[in-house]
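> I'd like to ask you about the structure that follows.
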Amino acid sequence: MQHLLKTIFVICHSTLAIILIFELIIGILGNGFMALVHCMDWVKRKKMSLVNKILTALAISRIFLLSLLLISLVIFFSYSGIPMTSRMTQVNNNVWIIVNHFSIWLSTCLSVLYFLKISNFSNSFFLYLKWRVEKVVSVTLLVSLLLLILNILLINLEISICINECQRNISCSFSSHYYAKCHRQLLSLHIIFLSVPFVLSLSTFLLLIFSLWTHHKRMQQHVQGSRDARTTAHFKALQTVIAFFLLYSIFILSVLIQIWKYELLKKNLFVVFCEVVYIAFPTFHSYILIVGDIKLRQACLPLCIIAAEIQTTLCRNFRSLKYFRLCCIF
């Protein structure tokens, strides 16, 4: 029975590790494609719209994030016996906070931008924000930078306290002390700072739904049947924002589970599962953005045709090889 459980554990761990690596690779490729298309368009047109600027910056930040996680994964599997030092912990936390911060906040800015561009309210404050959408995005990013500085200061303060506590005890190992005492506090700090963009994204999501509802109600009073351009734009924006919000909610939930069931982090299987859930957000959100953007869809079409041709050629060659082997047998 114990041998069977061990085998199941190994299979589950290996499966999750394969999914994790697959997510990282397709995430880097998807975000790389987004960045490349927008950069080529910028070189061609000599200008870039605000949406494209945010999408390009978002793609680049996620390439860094996913590459960092891939490198960390390779180091973890290659040098799993090396203990975590205080310096390594500080550098790892700071770099991870910075790249993750830009990935989250640029996504939030994109939601705010969609909301201001597409929503239709007669409120004077909303109209003021709508006419100054670039300033709103700039101020949002500036506020996020202030929160980033505060986050880094608090994280480093927490790690410094952890180092001082460990230095007082000569027999103490920093790695074991960090995961026993400090890591949970760092996760709690992380969720506090994540709650700000999450609440902002939730607000834009709900307001976008309300805007669609009021617009649809208004249109029903005047026009029957056909859907107008603004309603279509509302639906397209909602599809993107809903997908983003669902992935973001799953991401937040994975961090909350880590805090709530912290003792499970000692088990490798749970850690890998949390990583798989976490990486789903920056990976699959990029493909949702590709599907929702006409320019990216058009750029992706030739690649899909080439992939289909390669698949057809491989299938044809496989059938020919199979037929040849059957002929040889007979």
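Glycine residues also receive a Cβ, built from the backbone N, Cα and C atoms like all the rest.
Quick caveat, the model's predicted, so the values are computed rather than measured.
Straight out of TrEMBL:
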type     : residues : note
DOMAIN   : 30-257   : domain 'G-protein coupled receptors family 1 profile'
TRANSMEM : 7-34     : transmembrane segment
TRANSMEM : 54-82    : transmembrane segment
TRANSMEM : 94-116   : transmembrane segment
TRANSMEM : 136-155  : transmembrane segment
TRANSMEM : 191-213  : transmembrane segment
TRANSMEM : 233-257  : transmembrane segment
TRANSMEM : 269-290  : transmembrane segment
> Need one number: mean pLDDT over the domain 'G-protein coupled receptors family 1 profile' (30-257).
80
> What residues elsewhere in the chain lie close to the transmembrane segment (54-82), defined as a C-beta under 8 angstroms and at least 6 residues from its ends?
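The answer is 20-21, 24-25, 27-28, 31-32, 34-35, 38-39, 42, 48, 92, 95-96, 99-100, 102-103, 106-107, 109-110, 113, 137, 275, 279, 282-283, 286, 289, 293.
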> Report the listed stretch (94-116, 136-155, 269-290) having the maximum count of Cβ pairs within less than 8 Å of the transmembrane segment (7-34).
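Against the transmembrane segment (7-34), the leading stretch is 269-290.
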> Six or more residues beyond either end and a Cβ under 8 Å away: which residues meet both conditions relative to the transmembrane segment (136-155)?
50, 54, 93-94, 97-98, 101, 105, 108-109, 112-113, 116, 129, 186, 189-190, 193, 196-197, 200
